[in-house]
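Participant: Got a structure here, written out as structure tokens. Questions coming.
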Amino acid sequence: VAELAAAAAAVLDALNGTEALNATAKFVASPEGTALAYGSLVLMALLPIFFGALRSVHCSKSKNASDMPETITSRDAARFPIIASCTLFGLYLFFKVFSQEYINMLLSVYFFGLGVLALSHTLSPLMSRIFPESFPNKQYQLLFTQGSDDTKEEIVNYEFDTKNLLCLVIGAVVGVWYLLKKHWIANNLFGLAFALNGVELLHLNNVNTGCILLGGLFVYDVFWVFGTNVMVTVARSFEAPIKLVFPQDLLERGLGASNFAMLGLGDIVIPGIFIALLLRFDVSLKKNSRTYFYTSFLAYIFGLGLTIFVMHTFKHAQPALLYLVPACVGFPVVVALIKGELTEMFR
């Protein structure tokens, strides 16, 4: 799952990491509908960051191969904005040259499989708590090998149990619902699972790497949103659960509402993995304090709120990382300076 989460996060950031909250221009939302939509998006953004960060601490201590995190080095962080830019521009050209319908069909199938696995992994700890210990939890193994006897080589060796199987079934049901209806609730279930898995399983190896990654994507974000129409064009053409959405006309039209405010998953995952790193840093200090985690978490709320305010005021898509990166990096650095722990943070 770690490799899948890494791949998903790369695609998510390249595609929609910086498309700001926006709504269909033809619909004039009521103040209540707008407040509900923006408030719901903020809440949905905070949930995977908070719980993903907590799960990342346990993940870093896990000895289970399937739960091992994918570590991002400084070299990976420096290359990431370039890879993301190439992916984004490549998709832009694809949408210009080929039929949008067929591209989205292929991408929907791809994200269906990825989403089922991500949602299953997200639900797995919850299932373990819900079912009593007396529940008959049988073990299974999916094994594919190549060759025979001494030349036999494992290709796939996946171990799972009855609870994991139930999680896969739930994920598949949501996936079929999404494929058939493209309903915004199904989209958000997959989106939240992607975001939580990304924050949990993508680990920065140190704060320096985090600053390189966020700094590079800060430039990437600003350029592709303000410098060109590529980011917004791809995000609006791309039909996949790569963004969280919430209808501004929910109060008027109920669950059939269709005028959405949206937030790209990259604007959750990228700051989220930095916030999770600071939580692990808090744990490493062994001071029974979560100062840096809560500081960066509050900084994220401030940065996202500022994004919404600017977007709503100027009625134009905003690169959210323009506001999130200075807040999420700057606030903890100031706290470290005050506490005299800056050297320890950046070592």
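Even glycines carry a Cβ here, placed using N, Cα and C.
In case it's useful when we look at the structure, here is the feature table from TrEMBL:
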type	residues	note
TRANSMEM	36-57	transmembrane segment
TRANSMEM	77-95	transmembrane segment
TRANSMEM	101-119	transmembrane segment
TRANSMEM	186-204	transmembrane segment
TRANSMEM	211-235	transmembrane segment
TRANSMEM	255-279	transmembrane segment
TRANSMEM	291-314	transmembrane segment
TRANSMEM	320-338	transmembrane segment
Participant: Same chain only, please: residues at least 6 beyond the ends of the transmembrane segment (211-235) with a C-beta under 8 Å from a C-beta of the stretch. Say none if there are none.
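Facilitator: Long-range Cβ neighbours of the transmembrane segment (211-235): 13, 15-20, 22, 72, 74, 77-78, 80-81, 84-85, 88-89, 91-92, 95, 204, 242-243, 262, 264, 266, 270-271, 274, 317-322, 325-326, 328-329.
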Participant: Which sequence positions outside the transmembrane segment (186-204), separated from its termini by at least 6 residues, show Cβ-Cβ distances below 8 Å to it?
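Facilitator: Here the qualifying positions are 1-2, 4-6, 8-9, 12, 44-45, 47-49, 51-53, 55-56, 59-60, 67, 69-72, 77, 111, 114-115, 118-119, 121-122, 174-175, 177-178, 210, 213, 241-246, 265, 268-269, 272-277, 280.
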Participant: Using a Cβ cut-off under 8 Å, which residues of the same chain at least 6 positions beyond either end of the transmembrane segment (101-119) come close to it?
Facilitator: 1, 4-5, 7-8, 94-95, 167-168, 170-172, 174-175, 178-179, 189-190, 193-194, 197, 237-242
